[in-house]
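K.L.:
Below are the structure tokens for one structure; questions will follow.
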Amino acid sequence: MSNKVIQAIYNDDDVLLHAVKKVKAEKHHIEEIFTPFPVHGLDKAMGLEHTRLAICSFIFGCVGISVAATMMYYMMIVDWPQNIGGKPSFSFIENLPTFIPIMFEMTVFFAAHLMVITFYMRSRLWPFKEAENPDVRTTDDHFLMEIALHGNEKELTALLEETGAVEVIVSEKH
Amino acid sequence: MYTLSNKLKITAIVCMVLGLIGIAMGFLNAPSTVEEAAAIVKEASAHHGGGHAEAEEAHVMKMDHHEGEVAHHAEDEHNAESTHHAEAGHDEHAEHVFHQLQNRPWSAVLIAGFFFFMLSLGTLVFYAVQRVAQAGWSPVLFRVMEAITSYLVPGGIILFVFFVLTISHMNHLYLWMEPGITDHDTILAGKSGYLNSPFFIIRAAIFIAGWIGYRFISRKYSLAQDEATDDSNYKKNFKISVFFLLFFFVSESMMAWDWFMSLEPHWYSTLFAWYVFATMFVSAITVIAMSTVYLKSKGLLEFVNDSHLHDLAKFMFGLSIFWTYLWFGQFMLQWYANIPEESGYFLPRIEHYNPIFFGMVAINFLFPFLILMNSDFKRKPWFIFLAGTFILIGHYMDLFQIVMPSTVGEHWSFGAPEIGSILFFLGLFLITVTSAFAKTKVWLPKRDPFIEESKHFHY
């Protein structure tokens, strides 16, 4: 079995969305779609699963608030409970209002930054990473759909041309 | 078309009758003489176990004295005042408690009366905001909002009558209204240019008339737009909504100072008006969401989809957090600096209203925060109903802790007058709003320029 893929290039996001629906209806597996901008509803048409980044972010936020609370409990109440301007440092709850701004910021900080880092890791993005772009035009004004070939080149080419592709290319897997 | 079911009508009327009985019991049980008041306090403290009574009274006296001190600090008559307190100390204390006990049914009516009034007032503001913002998602809900604001008229009239009775010295809710108070309280004397009975009632009249006026004009244009052949009514409605919002944010600030902050006339907070507004806004949007869920379950709003509900729930979620932000902003700043004339407001609330003062933060913040965070939950009608019920209870508690500590102090409980007032105004609110539902023939505003977008709104 060869590593061949077929790439259909479109020049309109609406045409692309219809093509995706048609290809899905014909039960072909779409490997990847490259677009210059987010196409609303593309993930639904492709049948992609929902992202779980929000759940990650919630957990990171919980970590953040725990870190902030533990840190300030230790520093302000346990380690050196000084009298600073008459603030009651006898117990955590008594001095809680002063800690809330920091707890809030730490929650947001952890939730935001760790979520972004999670996003970079999951989508494999980092500096000096080699771009995986099959066709430079896809960053400007063209849309590209990629389907793996299993010896059904003719049938697929016909199908893709029918969906309004401006170009159909068969190439070795990059 | 919505038909007002007999069951609902009877429930509402039963609520109102029971409520009236509760309110009447509250007024009958309130003491009419100082001696009766003393007996009530004694009996109440006997329940806590003997010996406690004297301690409590002594404590009240101390508090009383402190209040006096703060009030007269600006004066150089401090010494004279202290001796005055020492001589007439006990009598003055007994009279103070007597007034507090008398205030209880009045406060209960004010809290519940304003609570249901603010539900429709907040709805009116949300409606105006949607018009001014030219929101594309909400026009399908305009008829629901217009129906909820129909309560402004009876609710506003009752509140106005309440304030007329208040300035005619039927109760002792507002310290600055007491005759002769400005003679020996220089702080209140200094504020008397703003805080005086005639100006107070004129302001109340202007506010209530302004809000009701906008409601009528806007609804008129809204209905006229259905039959129109052009968009002129829509444009007029847009303009008048802009001016209403300008008027509202000035009048709402003054309303909060007048009706609630002046219950504690020696205290002030600059963000108090916004805090009251946040309470009003989040409860009102909750009521819009709950009404939408209810009407949809009756099959009347088939063009409202779960994305509309999702948007309303997002507002409930976001504004709950906004409310908490303002609550904490007010509390923390005054707690941190702890200046006596500022923290005097929070001391009785933390000491005598602890479960309510902190419980409402849990109900108004933690509960909606955790339950409405998930995007899928926000689309479930029963979830919105559950969260909404808690938000409404929480914001009733919020008003309770704004009013009660200032008017009845530590002699509070939750009994006949409070439950009666809630039931009465709940019944009135239900019957007014559901009859407005019944009068709504067409639920979809026909010629609104954004109606097509709104019908196909999808998030």
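Placement of Cβ uses the backbone N, Cα and C atoms for every residue, glycine included.
The transmembrane segment annotation in TrEMBL covers B:12-30, B:106-129, B:150-170, B:200-217, B:238-260, B:272-295, B:315-336, B:356-375, B:382-399, B:419-438.
Where in this structure would I find these features, and how exposed are they?
P.N.:
Sequence-remote contacts of a segment are chain residues at least 6 beyond its ends whose Cβ falls under 8 Å from one of its Cβ atoms, and for the transmembrane segment (B:12-30) they are 101-102, 104-105, 108-109, 415-428, 430-431, 434.
Distant neighbours of the transmembrane segment (B:106-129): 23, 26, 135, 142, 145-146, 148-152, 155-156, 158-159, 162, 166, 170-171, 173, 211, 214-215, 218, 241, 244-245, 248, 259, 279-285, 287-288, 395-396, 399-400, 403-404, 407-408, 417-418, 420-422, 424-426, 428-429, 433; these residues of the same chain sit at least 6 beyond its ends, with a Cβ under 8 Å from one of its Cβ atoms.
For the transmembrane segment (B:150-170), the list of distant contacts is 106, 109-110, 113-114, 116-117, 119-121, 124, 177, 179, 197-198, 200-201, 204-205, 208, 211-212, 215, 259, 425, 428-429, 432-433, 435-436: same-chain residues at least six beyond its ends, Cβ to Cβ under 8 Å.
Remote same-chain partners of the transmembrane segment (B:200-217), defined as residues 6 or more beyond its termini with a Cβ less than 8 Å from a stretch Cβ, comprise 121, 124, 128, 149, 152-153, 156-157, 159-160, 163-164, 167, 177, 240-241, 244, 247-248, 251, 254-255, 258-259.
Sequence-distant contacts of the transmembrane segment (B:238-260) (same chain, at least 6 residues past either end, Cβ-Cβ under 8 Å): 110, 114, 125, 127-129, 131-132, 134, 163, 200, 203-204, 206-207, 210-211, 214, 217-218, 221, 272-277, 280, 402-403.
Here the transmembrane segment (B:272-295) has Cβ contacts under 8 Å with residues 2, 115, 118-123, 125-126, 141, 144-145, 147-148, 252-257, 260-261, 301, 304, 308-309, 312-313, 315-316, 319-320, 322-323, 326-327, 330, 364, 381, 384-385, 387-388, 391-392, 395, 398-399, 402, 433, 437, 443 of the same chain, all six or more residues outside its ends.
Beyond the transmembrane segment (B:315-336), the same-chain residues lying 6 or more positions past its ends with a Cβ under 8 Å from any Cβ of the stretch are 269, 271-272, 274-275, 278-279, 281-282, 285-286, 289, 342-343, 345-346, 361, 364-365, 368-369, 372-373, 378, 384, 387-388, 391, 395.
Among residues of the same chain six or more beyond the transmembrane segment (B:419-438), those with a C-beta under 8 A of the stretch's C-beta atoms are 1-4, 8-9, 11-26, 105, 108-109, 111-113, 115-116, 119-120, 146-148, 150-151, 154-155, 158, 291, 295, 396.
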